[in-house]
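As recorded in TrEMBL:
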DOMAIN    368-690  domain 'PDEase'
ACT_SITE  His443  active site, proton donor
BINDING   His447, His485, Asp486, Asp596  Zn(2+) 1 binding site
BINDING   Asp486  Zn(2+) 2 binding site
Amino acid sequence: MIARRQRRKSVQNSDPGKILDLVMSLTDDKSAQLQTKINTYLVQECEAEQALLVAVSREHSDAFIEAVGSSMLLRKRKICLTEKFKLVLESVGEQTEYLSNMEEDFRSFVEPTLGTENPKKRVVMFPIPDDPFSLIVCIVSPTVQEDRVGLIIYEAFLFFWPVLKKSIMLEYERTVKYKCQQLLRVARKLFTQVEKLQTLLHMAMEQAKMLMSAEYCSVMLIDVDQMDLVEIYDPMELHMTNTETVKRRFKMDVGIAGIVVNTGNLVNVKNPEKHPKFNPEIDSYPGITCRSLLCFPIRDQSGIIGVGSLYNKLGDPYFDAMDEEMALAFSVYCGVCIVHSMVYQKMQEAHIRNALANELVMYHMKVGDAEVSRLLECTGFHKHPHIASLSFNVRALPPRELPCYVLKMFSDLGLQKKFNLHATKLARFVLHVKKGYRDVPYHNWMHAFNVAQWAYAALINYKLVSSGYLTDLQALMYLIACLVHDLDHRGTTNRFQIMGQTSLAALYSSEGSVMERHHLAQAVCVLNTEGCDVLAALPRADYDRAIIMLKDYVLATDLANFFKNLPEYEMIAMDYQKGNRLHCAALQALLMNSADLSDQLKDWSVIKKTAAAVLTEFFKQGELEKSRGEPALAFMDRDKCFIPALEQEFLTTTCMPLYSLLAKIIPKAEACTKVLEGHLKQWEAASYVFSEVPISAGLSVLLSPELDNLIEQSIKEREEELMEGAKKAEATDDD
């Protein structure tokens, strides 16, 4: 228990009864109360003028006093652990010193309790070494012999110290717990102020002052561009409302703060002005006497981002080891909050820039009132007899009349009247969407109109609403989704965006379906544009459902999602239930894919043009990938892509499964698979024609006006070969 003490552990110089009575009375919770009783005993036994105990944390080199004689101090008071005290702790017996030679902080607690008749007062100091706390018993002006003073203290503390030590340790643990709770409360407050860095830092330093009981505080962050320290929070501006003033700058190797930046270590200085690196410009402020300084690094995951400084410990001569631990823990929370604040501000700035960019895009896409009026007042024919046909060739319509036909679709289906769609808003919406498509070979406004036309025809021919397959709201969003599903398409695939690490990939790749999510975002942007908000008349609940439907419809056009969900679609198609929400969602996705790929259901002349447009986009992407040093996929490389094989594979692996599933749910869709079978025969015959020319010339062959004649000739030759083969087989059987 008491180290390095070779004396007998027995009582020979003290009254065992008094010691036992005092030990029995040591039942108080506070160590200060225990000390007053022990001090009173020591004064009586040593016939001394005063007695007090100096507790020392051996690990942290902190010393403190809680009671002088029979009087408790208002709170635990720290004193400097001088060299004299350190020598006492290392000794094996008592040490004597005149009170006048002791440090001022020690005298300030003792002298007011002493008489003035004898100015030269001796202080006998006796060590009680232990871990984690030791004790220095101080007896002022004892009248018994000094060697007997040591024996009295030694014998008494054989019994007093275990109780007192437990009390000191208990209070220390309570203090640690309280400080940790304070730290957590501070952290919680900091994380609520990440919106503005200045506000966050102001609160952080105020909380640091409270946490470590400092008089002043400041924080400096590292300016990476100029490699210097910038003062962010000035304690002299505590009551100023304008914190956007010009801040002081310092080199990163100046003063005690410079030591912290360069070493990453906390520096606790009890007398800063005597420190060799002290610089009053950075380590203090005009008008402030820097009595004590605690300077700590502020870190994030990348390293040190700044320095915090606390000046002048309140109520004590210096910052102790617990303050150091709290400062380091606080600096971690502070660093995380600062980084989060900076990220938050960057996100806010990015959001503002994005909003401004959208405003700019919307301005250049702006649809004038004259355009809307012309569309609404158009007196064209707009009654093509086959507009509601599932195999209708939309290229038969004049491009300028396509917006008129879109309005006709909404009107014919009764959607405009049913949902109270404002005619002017609907017209402006359609014209905005038209302008939102880029001039790319395939994924352009014509493609969007074609997809919407097939959806319009499907709603009519399959009677999707009246037969209970879709609700009116689902039908409305189906048509709208078809119009917007490829908005701002760049003529490149999701793979191209991800491999190229484009801005779209950075924005959406974590969620998947990069381009589809971009199309959706653009669509919502248009729907939120003033004058284009065609869904504004919907009740709030219907509006929320409509936006969710729009998302599901547009994301369904990513064929990766189709193949991922294909096993589920097959199970649903085997026993489709109209009232089942899961089954209905699957049908909506299949209908959206069917409309998106409906070009494959048109006649052969349309099929060729569609294939040429798609392949033109593919080959352009392949060339871009090669220019980036990336290998292009075979079907995007004009030198490797055998067009008939690619088309046959697409029809077989994608289109046939899709329309076969649709036909199982909607029997009238069975005709779609018949059309596809015919196209497969055409591409099979075309493969003989394409095999006669170099692969790189495939696109030219596809666009050649002689292709149909060559295919027809190839089909005849194949039929003749089959007939001759059959005749030979019959002749062989006759023989």
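Any Cβ shown, glycine's included, is placed from N, Cα and C.
The Cβ centroid of His447, His485, Asp486, Asp596 marks the Zn(2+) 1 site; residues of that chain outside this set whose Cβ lies within 8 Å of it are His443, Ala448, Val451, Cys482, His489, Thr557, given in sequence order. For His485 (Zn(2+) 1 binding site), the count of additional Cβ atoms within 10 Å of its Cβ stands at 26 [all protein chains shown]. In sequence order, Asp486, Asp599 are the residues near His447 (Zn(2+) 1 binding site), counting only same-chain partners six or more apart with C-beta under 8 A. A Cα-Cα distance of 10 Å separates His485 (Zn(2+) 1 binding site) from His443 (active site, proton donor).
For the residue listed as 'active site, proton donor', other Cβ atoms within 10 Å of its Cβ number 23. In the structure as shown, the Cβ atom of Asp596 (Zn(2+) 1 binding site) sits within 10 Å of 25 other Cβ atoms. Confidence over the domain 'PDEase' (368-690), given as mean pLDDT on the 0 to 100 scale, stands at 94. Here the Cα atom of His443 (active site, proton donor) is found 10 Å from that of Asp596 (Zn(2+) 1 binding site). All chains included, 27 other C-beta atoms sit within 10 angstroms of the C-beta of Asp486 (Zn(2+) 1 binding site).
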